[in-house]
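Annotation comment: Swiss-Prot describes 1-22 as signal peptide, evidence class experimental evidence. The domain 'Thioredoxin 1' annotation in Swiss-Prot covers 23-139 and is backed by sequence analysis. The disulfide bond annotation in Swiss-Prot covers C58-C61, C402-C405. Look at Swiss-Prot and you will find G59, H60, G403, H404 tagged as site 'Contributes to redox potential value'. Look at Swiss-Prot and you will find R125 tagged as site 'Lowers pKa of C-terminal Cys of first active site'. Residues or ranges marked as domain 'Thioredoxin 2' by Swiss-Prot on the basis of sequence analysis: 351-480. Here Swiss-Prot flags R466 as site 'Lowers pKa of C-terminal Cys of second active site'. If you look up Swiss-Prot, you'll see 484-507 marked as compositional bias 'Acidic residues'. Sequence annotations record features per position, and here Swiss-Prot assigns motif 'Prevents secretion from ER' to 512-515.
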Amino acid sequence: MAVVRVRAIVALLCLVAALGLAEPLEEEDGVLVLRAANFEQALAAHRHLLVEFYAPWCGHCKALAPEYAKAAAQLKAEGSEIRLAKVDATEEAELAQQFGVRGYPTIKFFRNGDKAAPREYTAGREADDIVSWLKKRTGPAATTLTDAAAAETLVDSSEVVVIGFFKDVTSDAAKEFLLAAESVDDIPFGISSSADVFSKYQLSQDGVVLFKKFDEGRNNFEGDLTKDNLLNFIKSNQLPLVIEFTEQTAPKIFGGEIKTHILLFLPKSVSDYEGKLDNFKTAAGNFKGKILFIFIDSDHSDNQRILEFFGLKKEECPAVRLITLEEEMTKYKPESDDLTADKIKEFCNKFLEGKIKPHLMSQDLPEDWDKQPVKVLVGKNFEEVAFDENKNVFVEFYAPWCGHCKQLAPIWDKLGETYRDHENIVIAKMDSTANEVEAVKIHSFPTLKFFPAGSGRNVIDYNGERTLEGFKKFLESGGQDGAAADDDLEDLETDEETDLEEGDDDEQKIQKDEL
C-alpha cells in the first residue's frame, strides 16, 4: 500500500509541476495563438473556445482579422468566459487536417474540450455576428426580458433581433417560438411576459416582432404561430431588401435558405447611382423570401472576378443578372437592358413562372480556332466539335487565373502536337470562365473530359496522372486507362476543390462563395 501511495503522490506532483510549467498562451489583439503543442492546453483551460483556422495569404482571413479581434475584446469587456483563438493552418497542417480544414477561413467552436465534434461556425464575419452566434450557442435560446430596459438593450444589441411577447411563457405558442429560436444561429431572441415590455412596443396581445436597423425597422408576425411559420417569417425579413455584396455579407448571402439571387452590377461612381438603386429596391419588395436582391459595386477591384464569372465587363455596367444556387448554378439574363423597377419585376416574375431560358456565355469564335495543335472551343462551336460522331475529343476546361491550369498548359500543348495529324483524335481546350455549355457543368479547374466518337453523346471524366504519358495511355486505350469510375467522381471533384483552395484567395472566391 505504501508503494502505491508513493506512486500516486509522485504522479500528482508531476501533474502539478506540468501544469505549473505550462507557458501562458500567446495572444495577439486579445486572440489566443494556438499551435499543435498548446492546442490541448487551450481546450482544457477554456470551456467555450472559438478557433479560426487561417492562412496568412488569405484575403478573406485578412478582412476577418479586425472583426475577430473586436469580437474577442467585446466578450472580454463583458466578462464572458468565451475565448477566441486562431491557428495558422499553413504552419499546423496536421492540426488543420485533423479538423477537416479545406478552405480559409474555417471557424470551429469547441465546448468543454470536446475535439470529437466541434460545431462549424455559420454566421457572418462582423464582430456583432460572431458575438451573437456565440451567445446563442452558450446561453438560452431566448433571453428572458423582465422589463422594458432589458428589451431595449437587446433590440439595440444587434442588426436584427426577434422578441416573443407571451403573457404565458409556458403556452404552446411560446414553446413553438423557443423551438424556432433554437434553430436560428445568428439572430438573438428574447421572450417576455412583462406588461411593461408589451406596452413599450405597442402590443396588446401575444405576438412576435422582428426588429431591424434597416428598411421598415420592424416586422410583426401574422398567422398561425408555429416553428416553421416563424422560421419562414424570419427568413423573409432578416436581410435588407437589397444587400451589398462584401466580404462581411457573403456568409449571410450564401448561408441563407434563399438560393435564387438577382444581382445588380452598378458602379457607385455613376451619376444616377441612387436612382437605379432605388428602382432595384422598389422591385425587391415584391419578392421577399423568394429572390434575394444583391447589389455589387462593379468599380470595386475585389468584384472583378465576379464580373468575369457572369461574362460582364465594367463598361457594360449597370447590368442585371440572376443566378440559382442549387446543385447546379444556372444564370439568367434579362431580355432588356432597361433597369426600371417595372422591368426588373417583369424579369423576376417570368423567371418564377419558368418562362426564361438559362443564359449560356460564349466568346466569339476565333478565326484560327482550329489552326493550332490544341483546338480552341467556345460556347458557339462546342457541340459541333465535342460531339462529332467521327472524332474522339479530349477537352481541358480551364480558367486563365488557375495556377494548376498554367502548370498543365505546356503538357497539354505537347499532347496536341502528339496527335496533331491523327485522323480521329482531337485535343482541345475551353475557357470555362467565359464559355458555358448545357451538356457539361464545370465545378473546378482544370477539368478534363473525353468525348468518344459515336452517336451516344458519352462523356468520360479523366482521373489519371496529368502527364504526357498518362494522357497518351488514356487516349490509346479508348478512354479506359485513367477514366474516373462512377464512385470516384465525388472524390475527383473534392480533390480539385482542394487544389483551388491552395491557390490565390481571389481564385477561391468563385468556388467558395459560388458567385
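Even glycines carry a Cβ here, placed using N, Cα and C.
The domain 'Thioredoxin 2' (351-480): residue composition by secondary structure is 32 helix, 27 strand, 71 coil, according to DSSP. C405 (disulfide bond) has a Cβ environment of 20 other Cβ atoms inside 10 Å.
Looking at G59 (site 'Contributes to redox potential value') and H404 (site 'Contributes to redox potential value'), their Cα atoms lie 20 Å from each other. Here the domain 'Thioredoxin 1' (23-139) has a mean pLDDT of 93 out of 100. Counting every protein chain shown, the Cβ of C61 (disulfide bond) has 22 other Cβ atoms within 10 Å. Taking only the Cα positions, the spacing between H404 (site 'Contributes to redox potential value') and R125 (site 'Lowers pKa of C-terminal Cys of first active site') is 30 angstrom. If you take the Cα of C61 (disulfide bond) and the Cα of R125 (site 'Lowers pKa of C-terminal Cys of first active site'), they are about 10 angstrom apart, rounded to a whole number.
The local packing around H60 (site 'Contributes to redox potential value'), expressed as other Cβ atoms within 10 Å of its Cβ over all shown chains, amounts to 22. The shortest Cα-Cα distance from C402 (disulfide bond) to any of the recorded positions (C58, H60, R125) is found for C58. Using CA atoms as reference points, the recorded positions C58, R125, R466 were checked against C405 (disulfide bond), and the closest is R466.
Taking all protein chains in view, 15 other C-beta atoms sit within 10 angstroms of the C-beta of G403 (site 'Contributes to redox potential value').
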